[in-house]
Structures are given as C-alpha cells and as structure tokens.
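Visitor: To start, I am sharing the structure in question, which I have written as structure tokens.
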Amino acid sequence: MIKLEKRAQPSRTLALSTPLIAVVITMIAGGLLFAALGKNPFEAIGTIFWEPLFGEFAFYYRPQLLVKGGPLILIAIGLSLGFRAGIWNIGAEGQYIMGAICGAGAGLAFYPMESIFIFPIMILAGALGGWVWAMIPALLKVKFGTNEILVSLMLVYVAEQLLASVSLGLLKNPQGFGFPGSRNLQEYASAHNAELITGTGMHWGVLFAFIAVIMSYVLLNKHILGFNIRLTGEAPRAARFAGVNPTRLILFCLGTSGALAGLAGMFEASGPAGQISIDFGVGYGFTAIIVAFLGRLHPVGILLAGLLMALTYIGGEIAQSNMGLPAAAIQVFQGMLLFFLLALDLLTNFRIKFAVKGAA
Amino acid sequence: MKLTKLLTSAALVAGLATSAMADKTKVGFVYVGPIGDGGWTHEHDKGRLAVEAEYGDKVETVYVESVPEGPDAERVMTDMALKGADIIFTTSFGYMDPTINVAKKFPKVKFEHATGYKQAANVSVYSARFYEGRAVQGHIAGQMTKSNTIGYIGSYPIPEVIRGINSAYIHAKEVNPDVQFKIVWAYTWFDPAKEADAAKVLIEQGADVILQHTDSTAPQAAAQAAGNVITFGQASDMSEYAPMPRVSSIIDDWAPYYIARVGAVMDGTWESVNTWDGIGAGMVGIGEISDAVPAEIKASALALKDKLADGSYHAFTGPVNKQDGSAWLADGETADDGTLAGMNFYVEGIDGDVPQ
Amino acid sequence: MDLSAINPVLLIASLMVAATPLLLAAVGELVVERAGVLNLGVEGMMIVGAIGGFAVSVESGSPYLGLVAAMAAGAGLSLLFAFLTQFALANQVASGLALTLFGLGLSALMGQGYVGIKPPALGNIHIPVLSDLPVIGPILFGHDPVLYIGIALVAAVWAVLKYSRIGLVLRAVGENHEAAHALGYNVIRVRVLAIMFGGACAGLGGAYISLIRVPQWTEGMTAGIGWIALALVVFASWKPWRVLLGAYLFGGINVLQLNLQAAGIAIPVEYLAMSPYIITILVLVIMSADKSRAPASLGRIFHASQ
C-alpha cells in the first residue's frame, strides 16, 4: 500500500527538479498524442520547445517570448500575493480589460496632442482602472462579506460588455469608417508603448513585469506586510493572534493585483495590440492564474512559469503552421503539462512510502 | 556576433523565399476561429482546400487557427513570412493593423486582408457583398411571411450587419408593404445557446421568418421546433435543415478568389487590389431555394439574383430615405461603396435605433 | 415599441429551457462544493459532455444513449481532477482551471468529424389534455424530458442532503474533514464520488446544449455557461432550491432582455447584456445578511496524517 508522509520541510531539490520531470513526462505523453494524430512526435516536441529558443528564427521568437510572457507575469505576480493569503481574485481578466480601456482612453483623450506627460498619465489611468475594478469585490467583501471569487468573476463579464460598448461607441476610431475599435496607438507617438530597445521585445510592460518580480520578492521576504500575507495563508488563526488586520490585507492584495492587471492591459493596448477592440481580451487574466500556481506562487517561479507558458503558445503556433497540428492538440498538450506539474508537486511536500498492507 | 547571426539568418530567409518560389508557392492562412466552427473560418478553410485541389503539387498551404487579434496575429504572420510564404491571407477584420505592420517588414511577401480598408503596395483587401444575398433573402422572406413579421438576429451593430438588415428590409418591403422587422442584437460573435434564445424570442413574438447574422444552426433548430417558421442558412449552406425550415442560404465562397490570387502570385501578375465581390463573381453564393418556396416566388428570386449577378441592378437603388426621413438615394441613384462600407443608419421604415 | 408582443407564458416556458444546462451543471457543482471541493473545471466537463453525448447519439442514433454517454464523459474527465486534488493533493483552483483548458482542447479534437451534422432529435413530451391546457400546459407539461430530470435532480439533491445519511456524511466531510475522518468516514472516497457526480451533471448539462437546445456541435459551444454555473452555486449559497431559483433568474433576465429588444424597446443592449452579472452581485450583497455560508472545508486539501 502506498502511503504519503508529509515532509517537515518541502524538499528543495525536488521543488527545483519536479518541474523539469513534469516537462519530460509531458513530452512523452504529448508525443504519444501527436503520434496518435499521425504526426511525427519527435518533430512536434522539437518544434514546440526547441524552435522558439534555438531554431533558425530564434532571433525573432526569443523577443516574442517576452511580449507574450510579460503580461502573464505581471498579472500573476499580483494574483500570487492574494492567493498566498487565501484571497481569491479570479477576475484579473476584467481588471486587465478595464486597465486597457482607461489607459487607452486617457491617451486618446489627448489626441492628437504630443507631450511626454501623456504616457505617464496613461500608466496611472491604466493602474487606476484595474485597481477600481478590483476594489469592487474587495469593498463588498470587507463590508458585506460577499465572496470575492464570484464577484470578481462576474465583473469579468461586465468588463467584456463595457469593452464591446466603448469599441463601438466612445472610443471608436472616428476615421475608421464605422468599424469597431479605437485608433491605433502605435501611430500616436506620445501614447505608444514602443519597444525600449528595437528588436528585443522589451517594452514598458515587460520592464514593469521584471520590476514586479523583484518588488514582490522583496515584499514577501523582507517586509512585515509580506510576512503577514504568508502568515495569513499558512496559519490564519496565528495571523489573527498576531494582530494582522484582515480588512487591510484584503484591500491591499486585491487592490495590488487589480492595479497590476490594469497595467498589463494598458501596456498591451498601447503597445503590442495597439488598440482597443471588441476582442481585445484574449484570456491573459485567466492564464495568469495558472501561471501563478505553476510558479508555486513564488516570484521567481512565476517568472519562469510565465516564460514557459509563452513558450508553449509560441511553439504551439509554429507546430501548427509547420506541421498542421490542430490548435486543439496544443491546448490538450498545455493541459497535460499543467496536470503533470500539479501532480508532481506532491513529491515536494510529501514522501511516498511503500508500506505493507495493514501495517499502517 | 549577434548582429551577424541575425543578418545571415535574414539572408537565409531571403534565399529560402526565392528557392521556395522556384518550386512551390507557399500560401499562408491566419484564422480567427477554429476550422471546426462550421461558419466563418470553416468556409475560409474550404477556400484553402480548394487552392490545394486546384494547384496540387505546385502549392503548399499552411494555416494557424484560433489566432487572437493583436500581437498574436502579428507573430503568426511574421512566422509565416519568415518561413518563406509567398502570399498570406488574413481572414478577420481585427487583423488589419497587424497585417499592415508585418507587410511593411516583408515587402516581397503578398498579403490579402479580408473585410478591412487599409491597402498597401503588398496588401490587398477583399470582402464579399453579402448584402446582395440579403436582398434575395428579403425578397423571399417578404412574400413568405404570413404574420408580416420578420425576425433578425444581429451579432454586433457594425456596418456589415446593418447593411444586411437594410438590404433585406428594402427588398422585403418592396414585395410586401406591410412587412415589419424585429431586430435582436446578441452582442456576441459566437454563442449558440444565446442564438437559440434569440430565435425563440422572435418566434414567440410573432416572427415567422428568421434571418440570422450569426453562424450557428441554433436558430434553424428553434425554427424547426416551432413548425411554420422559415430560415436561411448563414455562411454555410446548412442544407441539413432543408427543405424546411431552411429555404435558402447565403454561402461565403472564397474559393474562386483564393484560387485567382494564388494563381496571380504564381505567374507574377499579383497587384494590390481592393476587391468587393458579390454574387456575380461567385464570392456570395445563394444556396438552393427549396421546394417549400412556391415556384413563382422562387422564379422571381432567381431573377433578382441574376440581375444582381450581371450588375444590371444594385441592391441599394433609389429612391431610399434614411430612417429619419431624410433623403439618401434619389430615384435611380445607387449607393456608393464608401457609404455602404461605413453604413451606420437604418433605412426608412425600420423601427428602433442602431445601438450606439 | 410594443410590450404586448411579449407573451409571459412563452417567456416562462423558454426561460425554463434556457436555464436547464445551467441548472444541471450548478446542481452537480453544489454537491461537489458541499463535500468541500471547489472544482473550477465545470466548463471543461460540460463541453466534453457536449461532444461525448453528441458523438454517441450520432453514431448510435439514440439521443438517450447520448445523454448517458455525456454523463460518463463528464464523470470520466472529473476523475482527472479527483486524482489531482484528492490523491496528488494539488491545488484545487489551479487543477480546475487546467481541467477546463484540457477539456476545451480535448473536446475540439474529439469533435473534428462532427461539424455540420444534425443529431437525432429528442422530442418534447406531450401529455394529452395536460399539455394542451392554457398557460400551465406550455409551462409545466410541454418540455423535453431532460428539463424535468433537472428539476427532479434538484429535489433529489435537496432531500438527500437534508434527510439521508449519505447527505449527512457528505456535509460532515465538507464542513470539517478532520472530524469526519476521526469519525471513521472515508473523506477521500466521499469526495471522489461527489466530484464524479458533479462531472456527470456537468456532462449532461453540456449535452443538453449540443443535443437539445442548439442542437449541433461546434468547438467552444458552451461559451462560458460553466463559469456561470459556478457563480450560481455561490449565488444560491449552496442550497439546492436556490440554485433552481437562480438558474431561472439568470435564464429569465437573458430571455427578458431579448424579448424587450424584439419588442423594440430602446434599451442600451450592452448594459442589458451585463445585467445578469450585476444583478447577481447585488443579490449577493443583499443576501449577505443571511448567515448561510460556504462549507467550512471548501477548497482545503485533506490529508489523513495532518
């Protein structure tokens, strides 16, 4: 009989090696799936993992990893703070959309004026938009005790409808012949979140993501607030005795995650996407939840998880166009990767013992 | 070192592109939905398969499905261009700016963007005059309705959809002065359950003809369940619901255009063009009119179709007033493409406002 | 503008249909959550049920076989979640999200050959006399069988939770798994069974969409209903009858807004489209005075040696 025994301390070696093992197992299982679909499994796996990093056109894909991973990391860092304290913000997608609407809206309000102050104002507006949207579940939770999972999730749908509304109305490009969508901010120099160094994929959003990783690391390890967050998550009762103010913690965690999601939306709208349109939201807010857990809610882990997730997206697209793999197969592949990563996490915290039946 | 590597790669790309041109023409397709959506993307993919069937070994087609609009689309297009695609079809309105961006970086690659308005030296735009098909629908619907109420399910209030409503209304009104349109906006591109609800609501409120500008067969099934309600297939033929409730359909047929454009790349005659084709060029197909439609209505509908096809009749021919009663088209005047492309008003007689 | 065009009887009859997939998925999730497990993979299980049921009814020609297959497919997929969360002790939020991602991909792969096919029909029941009664006929006696199964399921879940021993054990496990374990109940087994029940219900809800409500197969056709089902459980504060009420409210608002549009009432559509979500939030706030709350062990990982 197999028995699990909790480790006194999570195993460091395993914490570092299980993700690699999970990736290897996923490659095997995914290979079988691709073979079942009649594709060469070695070629498919190689295309997904090798091509974007070291393939012939890696000079193009590597920067794209940052473009795709940046928003995921930025949002996931914010979410991880709340998740650690047991505060579940599932609505980052809505906060991301609201940040984009407010940020882009602030920029477009100045059109066509050029000024170096416009972009900082947009950053503030974007963060504020996401923050306000996250404060709704936060305040309702604090005041009425409503469930933040539900409220934040509901607000995603509200945000999506608002997005459709402004794309067709308020922010519609007046020179767009009646088509939905805002002006392209890439063509508005003061509002454009351009690459900081051409060809690197580094835009302000990626820079903010890196800063967020560092700040969150410092916060969690060196600051009393970070300690309180961890304490609340790991031992809620002890936290209460220690005098942690749950109200303030809820407002801080939800507010921060909302602001970061809003920033991610604003940087995306003013940079890589360039505009607000009906289909602006592509699920970064939900994927970021997965990224946060894949990274084990640890800042550095999230950084790596975000890049890994971006790799499977980009590699998956290449596999589609090179080998004709259906997009669904890539989705299943990603799902498997998550399953194995989650399942193997067990080994980090538990020891598996084989005991004689009945001896337990 | 990095720079040299980049340059050699770029040179390699150029080399690849030319060598590819020597033997096979590589054609890329970027799809906004899955090829199994049974509607918009499904029909584009049929066009891709038609290109393969037409040119056989001389072409190689690649596609990526469910590509979100924005940076992901730009990356997929760049990827195709880097790997030596000669022509890339980008099949969603939201791909417009990404297409222009990528086209700037790859001046030798040809791009074809569907339903947009931004053209460049190596970017063509193409779209279909679906409103011509709507005219035929309206013509049939106006005569088939007994309750004089026609239900219309719209996705979002954008010019494409509004144009369809106006065209259907004008031609329904022409054959039945008492006809009324009930319009419901679903505010989604794709949600079959919601489309089913919308269709049911319209039927309950007395509509016995349902026109849809959404791609699922949900309204067809709702009509079938209701009994005496007729519908028209949208995007694909939906012939599984013929002869009742589906009495005809508008079919997106991209195959002739795709074959012609790929052919133009092969023989070196490709030029940037702005194509807006209708029934005449075969881009808009009218699915077989079923026996549920009386013979004389069928005959007049086909006559209308022929007039639209040979260009002797324009679906928007004056006199037509705008909804507020102001004159739009004088007697005999036809609408110009600019106004049609950005259409954001109803014509006279339609109730309700275009949501803003 | 013509409000008289709206027929309240038909409106109620159609909101019942619109609410059924939601109801099925939500009542399943309710049982899962009462056992102390939060499964965010409802959308994934629904869509796998939708294609599983669709494929089997097309191949076999029997819609009933399809419905059974849909339940099996949903339950089968939920086993993955059960394994991850109950045996591998993985985080439930992340596992549920992964399940949805996996389910969406898997369903698309399974459904590749089924686009553009019409499934065998499952007719409405027709009881002579009763179904023809004015007003109550169309509302109470003119629907498809699955709709009644949904309502019966709510009643059954309510009765079992409230009166039976199984219900007692389930609630004990959900409220305090350590205590339940100490009393000798097998926490893991109870939870795995609850998860499978939730999966079967979600699968049936998905098949209701693909076989009855729409009926066709297209990728991603559940279009977020699984997420709303999740919201509904919380909305109902984990009480079966309130799930029924909530499902009808949700379905009702949607059907009503479409009705108002069709009647030509000049309403800003996008605000109406967001109204069900805003109303849910409002109801939540109003109901916060109610002391009923989430199962105490909801989302917490159980390990016997703790």
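From the backbone N, Cα and C atoms, a Cβ is placed for every residue, glycine too.
Just lifted these from TrEMBL, have a look:
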TRANSMEM  A:12-37  transmembrane segment
TRANSMEM  A:65-83  transmembrane segment
TRANSMEM  A:95-111  transmembrane segment
TRANSMEM  A:117-140  transmembrane segment
TRANSMEM  A:149-171  transmembrane segment
TRANSMEM  A:202-220  transmembrane segment
TRANSMEM  A:249-267  transmembrane segment
TRANSMEM  A:273-294  transmembrane segment
TRANSMEM  A:301-319  transmembrane segment
TRANSMEM  A:325-347  transmembrane segment
Visitor: Do any residues, 6 or more residues outside the transmembrane segment (A:202-220), come within under 8 Å Cβ-to-Cβ of it, and if so which ones?
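Guide: Residues 63, 66-67, 69-71, 73-74, 77-78, 80-81, 84, 123, 193-196, 226, 229-230, 260, 263-264, 267-268, 271-272, 299-300, 302-303, 306.
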Visitor: Please give the sequence-distant neighbours of the transmembrane segment (A:65-83): residues at least 6 beyond its ends with Cβ less than 8 Å from one of its Cβ atoms.
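Guide: Cβ under 8 Å, 6 or more out: 52, 89, 92, 96, 200-203, 205-206, 208-209, 212-213, 216, 219-220, 229, 233, 252-254, 256-261, 263-265, 267-268, 272, 284-285, 287-289, 291-293, 295, 297-299, 302-303, 305-307, 309-311, 313-314.
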Visitor: Give residue numbers and ranges for long-range contacts of the transmembrane segment (A:301-319): same chain, 6 or more residues beyond its ends, CB-CB under 8 A.
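Guide: Residues 19, 23, 44, 47-49, 51-53, 55, 61, 64-66, 68-70, 72-73, 76-77, 80, 209-210, 213, 287, 290-292, 294-295, 325, 327, 330, 333-334, 337.
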Visitor: Counting only CB pairs under 8 A, let me know which of A:12-37, A:95-111, A:273-294, A:325-347 has the most with the transmembrane segment (A:149-171).
Guide: A:95-111
Visitor: For the transmembrane segment (A:12-37) and the transmembrane segment (A:325-347), does the number of C-beta pairs under 8 Å, pairs 6 or more apart in sequence, reach 3 or more?
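Guide: Touching, yes - the transmembrane segment (A:12-37) and the transmembrane segment (A:325-347) meet the threshold of 3 or more Cβ pairs under 8 Å.
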Visitor: Checking distant contacts: for the transmembrane segment (A:249-267), what same-chain residues at least six beyond its ends satisfy Cβ-Cβ under 8 A?
Guide: 70-71, 74-75, 77-79, 81-82, 85, 87, 89, 92-93, 95-104, 122-123, 125-135, 137-139, 141-142, 148, 152, 193, 203-205, 208-209, 212, 225, 228-229, 232, 284-285, 288
Visitor: Using a Cβ cut-off of under 8 Å, list the residues of the same chain at least 6 residues beyond the transmembrane segment (A:273-294) that approach it.
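Guide: Distant Cβ neighbours of the transmembrane segment (A:273-294) are 19, 71-73, 75-77, 79-80, 83, 90-97, 100-101, 104-105, 156, 159-160, 163-164, 166-168, 171, 173, 180-187, 261, 264, 301-302, 305-306, 308-309, 338, 341-342.
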